[in-house]
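K.L.:
After the structure tokens below, expect a handful of questions from me.
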Amino acid sequence: MTKSYQIAVLSGDGIGPEVVKETIKVLDAVSQTYVFELHYHNALIGAVAIDQANEPLPEHTIAVCKRTDAVLFGAIGDPKYDNDTNAAVRPEQGLLALRKELGLFANIRPVKAYNKLINQSPLKENIIQNTDLVIFRELISGIYFGQKSISADGRAASDLCSYSQDEIENIAHLAFQAADKRNKKLTLIDKANVLETSRLWRRVVQSLAAQYPTVEVEYMFVDNAAMQLILNPKQFDVILTENMFGDIISDEASVIGGSIGLLPSASIGTHTALFEPIHGSYPQAKGKGIANPIASILSGAMMLDHLGEHDAAEAIRDAVLHTINEGVLTPDLVKESTYSTTDVGNKIANHVRFRTGHRYQDNMTHSKSTII
Ligand SMILES: NC(=O)c1ccc[n+]([C@@H]2O[C@H](COP(=O)([O-])OP(=O)(O)OC[C@H]3O[C@@H](n4cnc5c(N)ncnc54)[C@H](O)[C@@H]3O)[C@@H](O)[C@H]2O)c1
Ligand SMILES: CC(C)[C@H](C(=O)O)[C@@H](O)C(=O)O
Ligand SMILES: [Mg+2]
């Protein structure tokens, strides 16, 4: 019997629907080649959900996500909320509530430098060449989810940052396991010289390290890490960090690859998993056909890995590499490019469809593909 998977599709706002459309095109192409079925179930989230259902995360959306095998997510966010600091309800609340509701505690963000794009990065070639790292970002705790308050006169505000040992252990185990399978180095990024929560992270990681004797553990303060990431990114293999530091350093790390439009992510939970590009809704690009769909398409590949369709996932990554090497790229990577979001999606889908069974060989020396 043909295997079939139910996929919740939450396209969201801005360029979300445009990049998700190309991802589904590529997923459909690969599912035909590798003979499995994907059934898509659309649901609302973000600003479109506020517009159509008066809330950023309708109950129906949660229900769809809980009864499907995986969630494909585009992006949320709209300038009309970004610039209204008094908005009672915001699109981002939808994404945060969904992550919490689905228990998506580990957000995995692989970063690598493609040889063909080495000159698209503002960083020097010898610094970034062969960079291959992965960020494990804690996703459902820390300052994002702590108690918030604002004083009656509106002149003071606070966001509580708190972590429990269990929350840290859950993601730390995943990060240690990934490091063990990769280059056997784990860097905990924290601010243990100042923050009590960071000192808890360090204690927990120190206590787990004995269970992973093959993994070298390094500790780095986040301010130094922000600098080291662009001074010498090759020193990193697996980065483990808390929610907000992970958010910030992953956007910074995207500069290594040449565009944030290349970086996928997987959010892993106890019952389900969600796959989304690390970028946002890029509202300035909405409807213009200039958004890079590769981050979303590679998130689709991570989704197939999660579903156990590893050959199909690898076929997508090969097709992306092929497309990059041919220079079929959106303007974020090639300034004068006339290739649109759809052109890039079509090219990747065609490569997948006509793939002969031979892995495409890049002329670069990096040792691993994007997955953990
Ligand atoms: N996971 C998410 O849904 C998510 C993530 C980040 C930001 N947001 C939201 O998105 C909105 C815009 O936020 P922002 O401008 O800070 O971040 P953004 O990631 O949307 O865009 C920042 C810049 O990155 C580039 N960029 C982003 N995606 C790209 C793509 N696919 N192709 C080419 N270039 C791309 C553009 O130069 C853009 O100006 C806000 O409302 C924010 O809250 C949502
Ligand atoms: C939109 C926002 C809530 C989100 C985050 O901070 O987690 C985004 O920046 C991301 O990286 O997914
Ligand atoms: Mg972010």
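Every residue gets a Cβ built from N, Cα and C, even glycine.
The model shown is predicted, which means the values in this text are computed figures rather than measured ones.
Okay, so TrEMBL annotates it like this:
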- 6-348: domain 'Isopropylmalate dehydrogenase-like' (DOMAIN)
- ARG99, ARG109, ARG137, ASP223: substrate binding site (BINDING)
- TYR144: site 'Important for catalysis' (SITE)
- LYS191: site 'Important for catalysis' (SITE)
- ASP223, ASP247, ASP251: Mg(2+) binding site (BINDING)
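Help me picture where these features are in the structure shown.
P.N.:
Annotation note: ASP223 (substrate binding site) sits in a helical segment as assigned by DSSP.
Residue environment of TYR144 (site 'Important for catalysis') contains 19 other Cβ atoms, counted within 10 Å of its Cβ in all protein chains.
The local packing around LYS191 (site 'Important for catalysis'), expressed as other Cβ atoms within 10 Å of its Cβ over all shown chains, amounts to 16. Secondary structure at LYS191 (site 'Important for catalysis'), as computed by DSSP, is coil.
Counting only same-chain residues six or more apart in sequence, the Cβ atoms lying under 8 angstroms from the Cβ of ASP251 (Mg(2+) binding site) belong to ILE260, ILE278.
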K.L.:
Return the residues near ARG109 (substrate binding site), defined as same-chain residues 6+ apart in sequence whose C-beta is under 8 angstroms from its C-beta, sorted by sequence, else 'none'.
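P.N.:
Long-range Cβ contacts: VAL134, ILE135, ARG137, GLY246, SER250, ALA253, LEU263, PRO264, SER265, ILE278.
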K.L.:
Including all protein chains displayed, how many Cβ atoms other than that of ARG99 (substrate binding site) lie within 10 Å of its Cβ?
P.N.:
21
K.L.:
Would you count the other C-beta atoms found within 10 angstroms of the C-beta of ASP247 (Mg(2+) binding site) for me?
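P.N.:
ASP247 (Mg(2+) binding site) is surrounded by 18 other Cβ atoms within 10 Å.
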K.L.:
Which one is it: of the recorded positions ARG99, TYR144, LYS191, ASP223, whose Cα lies the shortest distance from the Cα of ASP247 (Mg(2+) binding site)?
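P.N.:
For ASP247 (Mg(2+) binding site), the spatially nearest of the recorded positions is TYR144.
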K.L.:
When you look at ARG99, ARG109, ARG137, ASP223, which the record names as binding substrate, what is the longest CA to CA distance in angstrom?
P.N.:
27
K.L.:
Work out how many Å separate ARG99 (substrate binding site) and TYR144 (site 'Important for catalysis') at their Cα atoms, rounded off.
P.N.:
11
